[in-house]
Amino acid sequence: MAGGVGGRVVVGRHVYGNLYGCDARVLGDEAALITIVKEAVRVANAMLLSIGSYRFGPNGGLTVFAVVAESHISIHTWPEHGFATVDVYTCGDHTDPKAAFDFIVEKLSPKKIEVFYGDRSMYSE
């Protein structure tokens, strides 16, 4: 049930946001972003299953994503605009998606951020 009535059966927490005014060089650096996402997995206390990336054209943005046992972490970049979106979704009480999100924000050094939170849990009736 929405609103947390009853006991929580499945724990799911989603932290996501928009980062403005990031350094275009970092947003275009595939190796750096992969390293950041791998470290964010550790910070979240999640278990890395796979990591991947995709560059959109020779001078385009990047998508870097980690599939973790608990769900996923992703960064999508638009270097030409100094803009990135970050998505950290984890399941389980042992994970800390907010810490992973904050770590990524620290590494991308945006001038402005918007952050959003979603409860993706299931509650017993």
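For all residues, glycine too, the Cβ spot is worked out from N, Cα and C.
Listed in sequence order, the residues of the same chain lying 6 or more apart from S71 (active site, schiff-base intermediate with substrate) and placing their CB within less than 8 Å of its CB are G12, A46, Y89, T90, C91. Sequence annotations record features per position, and here Swiss-Prot assigns active site, schiff-base intermediate with substrate to S71.
Residues or ranges marked as active site, proton acceptor in Swiss-Prot: H76. Under the DSSP three-state reduction, H76 (active site, proton acceptor) is assigned to strand. Within 10 Å of the C-beta atom of H76 (active site, proton acceptor) sit 17 other C-beta atoms, taking all shown protein chains into account.
Residues or ranges marked as active site, proton donor by Swiss-Prot: C91. Cβ neighbour count for C91 (active site, proton donor): 19 (other Cβ atoms within 10 Å of its Cβ, all protein chains included).
Classification of S71 (active site, schiff-base intermediate with substrate) by DSSP places it within a strand. The pyruvic acid (Ser) annotation in Swiss-Prot covers S71 and is backed by sequence analysis.
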